[in-house]
Amino acid sequence: CFDLAFFFFLNPLSKQKAQRYEAVKWVMVFAIGVCTGLVGLFVDFFVRLFTQLKFRVVQSSVEECTEKGCLALSLLELLGFNLTFVFLASLLVLIQPVAAGSGIPEIKCYLNGVKVPGVVRLRTVVCKAMGVLFSVAGGLFVGKEGPMIHSGAVVGAGLPQFQSISLRKIQFNFPYFRSDRDKRDFVSAGAAAGVAAAFGAPIGGTLFSLEEGSSFWNQGLTWKVLFCSMAATFTLNFFRSGIQFGSWGSFQLPGLLNFGEFKCSESDKKCHLWTAVDLGFFILMGIVGGLLGATFNCLNKRLAKYRMRNVHPKPKLVRVLESLLVSLTTTVVVFVASMVLGECRQMSSTSHSGNDTLSLQGTSEDVNSSIKTFFCPNETYNDMATLFFNPQESAILQLFHQDGTFSPVTLSLFFLLYFLLSCWTYGISVPSGLFVPSLLCGAAFGRLVANLLKSYIGLDHIYSGTFALIGAAAFLGGVVRMTISLTVILIESTNEITYGLPIMITLMVAKWTGDFFNKGIYDIHVNLRGVPLLEWETEVEMDKLRASDIMEPNLTYVYPHTRIQSLVSILRTTVHHAFPVVTENRGNEREFMKGNQLISNNIKFKKSSILTRAGEQRKRSQSMKSYPSSELRNMCDEHIATEEPPEKEDLLQQMLERRYTPYPNLYPDQSPSEEWTMEERFRPLTFHGLILRSQLVTLLVRGVCYSESQSSASQPRLSHAEMSEDYPRYPDIHDLDLTLLNPRMIVDVTPYMNPSPFAVSPNTHVSQVFNLFRTMGLRHLPVVNAVGEIVGIITRHNLTHEFLQARLRQHYQTI
């Protein structure tokens, strides 16, 4: 992020330009919200279309075959629909593999500061949106809410750029937001808009982006993210209400998932939504939900490891076959359970009278119209088929609002089957969410608890819908381990503020219980990918470490004036994204050698670690032998075979004086000799700034350099717009045509480096280093001693929990 800060340092915006920049940012935030809402509308429309078509055909077939005895034909029809839809979803994932899953772990990594390849590309959102509608319509136990978060984040990343690698021919000259920090802000807004569109919860979406995503936050970003979430919510609400009810502008359907209105029947005077006595049961449900969530996460982690070892290394067709196997098993279980395991239950009076006050997912049908009467006499319904043979949103509303009873045996079997199949499903190669399956599984658990309390303890005052909601919150909280944002999402989805306290208590207890055994499902999948994710804070015992204990002392650096040959060698032999700009301090070198250790201003280095610098320099020189220039090959051979004449240093000093630069220099292409002493191998490096790999490559591509016979003032200067023109896909050093470069030319990097990056002292506590690194969104943190010498550098890898634990163990061993 320091390149953006340095840009504004060199090019301070006028008040008018700053206001224009801010206005354009607000417009882009609004556009992201609107586009995310339209993506949600597209997914919801086609999911409803395909699902209604499937169930209408299969249900009519079941009714006919009930009398003719041809239910196997109905099963084949259901299999035909589901396998076709799941096959299409798997093919879309083959096109863009990162579209698999919910996408929340990938977005969480991106907002934490880790770039995941392809995660915010246009092709990803197309495959994600189309794939998830086929996954849900295909009857898999997945939801579309998680992928909506990913889709919103992709919209946020791509829309302000006005360009896409998939649409190379479409180019717009849009000069704004050409930095990683702006892009991460828009991704935060897009992810929040996805949550808002999925649940109709703009405040919950904002808190989700804060709690689960961004590694840094500020007040201005909060306001913009909330505005984006509101735009997404009301865009989706406006179009869904108009399409389904024909009343444009009525705003009746706030999100893709609506929990309906919770209220007791007017005829039941003893009923209360919840009482203080119920809080004890809610706490117990939170404990059980945490245990169930920990079990779910443990099983899914084992499945994920199995897939990584036995499925992913094999041809991609194997992943498609696995998805089809899961679909086949799920379809057979759903069909057989609906036809065989269900019980005929008496319809409630409200069902019999056709009360239509509650809408099902925004349609004119009421909750009771989705009941299934397979193999049951008049005025009764099949409770298992009602849960299994409906869209998941309809089943959730059945458990929340159905006044009729569900058999405890049915609820137990439904919970067990749904738990196992949804655990197996999450992780296959289809776009899939986990919110709705977890809510449905938990709602069955909560409804079971309510039935047992009513039947065996005699608590007639309890409201079954409340217990179903608390059960859903307990299980979902035990799986994902979210607290603040999930509480607000559920409150906004129920539109009932009185549920705030029981939901909050349940989620806290579920999280504490689950954290005793393992991490949340998203953190587990992040760890399986080996992503260096930064937590919110470090453990207290980590303050026993200092910056010097965790930094990387073996530096790859550049000089203020460096030959092209040296820059190319550095870029081609390393993968670092930033390099310190240094000069060697020869004046104090003889004071550094004391005993067996090299002491430089309170920092001690062993000789063995110092030797790597000479080795790194030799590697640079040897790698340059492949440079396609006979002049350079001869030059490299010369430097290895012969020693430089002593008068060459005087010639260099004269050349430096002609440049009129404030930075002294050494030979940029000089490599240490084997006969050099330790003092000559390691000299203190005076730190002048940091420069990015992308900046160095851009300078080489554009030919920004000067010859030895010229002053550095003759070097061409690039503006910030020219430097960031290729953002975010800068050219790669390996794609550079080296035959067009003169290796003897020199590049002055000082106009483009950041001369004042954030830096820490070697004695800084790790907690201070961590907080600075995370809150400021850094990627490189130099460690500079009291006299301005760089002694190491800290990156994200050095602050991961695993790395800090390893260094802490080493610290204890040395004590």
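Each residue's number is its place along the chain shown, starting with 1.
Cβ from N, Cα, C; glycine included.
What TrEMBL lists as transmembrane segment is 26-50 (among others).
The transmembrane segment annotation in TrEMBL covers 71-95 (among others). Within the same chain, residues 50, 54, 57-58, 61-62, 65, 123, 127, 130-132, 134-135, 137-140, 316, 319-320, 323-324, 326-328, 330-332, 335, 339, 429-431 sit at least 6 positions outside the transmembrane segment (71-95) and bring their C-beta atoms closer than 8 Å to a C-beta of that stretch.
If you look up TrEMBL, you'll see 120-142 (among others) marked as transmembrane segment.
Under 8 Å from some Cβ of the transmembrane segment (186-209) lie the Cβ atoms of residues 28-29, 32-33, 36-37, 39-40, 107, 110-111, 120, 144-145, 148-157, 159-160, 177, 221-222, 224-226, 228-233, 235-237, 253-258, 435, 482, 484-486, 488-493, all in the same chain and six or more residues away from its ends. Among the features that TrEMBL reports, transmembrane segment is placed at 186-209 (among others).
What TrEMBL records for 273-297 (among others) is transmembrane segment. For the transmembrane segment (273-297), the residues of the chain that approach it from at least six positions outside its boundaries are 262-264, 419, 423, 442, 445-446, 449, 453, 461-463, 466-467, 470-471, 473-481, 496, 498-499, 501-502, 505-514, 516-521, 524, judged by C-beta separation under 8 angstroms.
The annotation transmembrane segment is assigned in TrEMBL to 317-341 (among others). Below 8 angstroms of C-beta separation, residues 62, 71, 74-75, 78-79, 82-83, 86-87, 89-91, 93-94, 138-141, 307, 311, 372, 374-375, 382, 384-385, 388-389, 410, 413-414, 417, 421, 424-425, 428-430 of the same chain, each at least six residues beyond the ends of the transmembrane segment (317-341), sit close to that stretch.
The transmembrane segment annotation in TrEMBL covers 409-428 (among others). Outside the transmembrane segment (409-428) by six or more residues, the chain places 100-102, 140-142, 292, 296, 299-300, 303-304, 307, 319, 322-323, 326, 329-330, 333, 337, 341-343, 383-384, 387-388, 434, 437-438, 440-441, 444-445, 447-448, 451, 521, 525 with a CB less than 8 A from a CB of the stretch.
The transmembrane segment feature in TrEMBL is assigned to 465-491 (among others). Long-range contacts of the transmembrane segment (465-491) within its own chain (CB-CB distance under 8 A, at least 6 residues past either end) are made by residues 195, 199, 201, 203-205, 207-208, 210-212, 259, 262, 273-274, 278, 281-282, 285-286, 288-294, 296-297, 396, 399-401, 434-435, 438-450, 453, 497, 499-500, 502-504, 506-511, 513-515, 519-523.
Sequence annotations record features per position, and here TrEMBL assigns domain 'CBS' to 753-814. Broken down with DSSP, the domain 'CBS' (753-814) shows 28 helix, 15 strand, 19 coil.
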Remote residues contacting the transmembrane segment (26-50) - C-beta distance under 8 A, at least 6 residues beyond either end:
85, 125, 129, 132-134, 136-137, 144, 147-148, 151-152, 155-156, 159-160, 177, 186, 189-190, 193-194, 196-198, 224-225, 227-236, 239-240, 243, 256, 361
Near the transmembrane segment (120-142), which same-chain residues lie under 8 Å Cβ to Cβ, leaving out any that are not at least 6 residues past its ends?
39, 42-43, 46-47, 50-51, 54, 78, 81-86, 88-89, 92-93, 95-96, 98-99, 103, 110, 150-151, 153-155, 157-158, 164-167, 187, 326-327, 330-331, 334, 391-392, 418, 421-422, 425-426, 430-434, 436-437
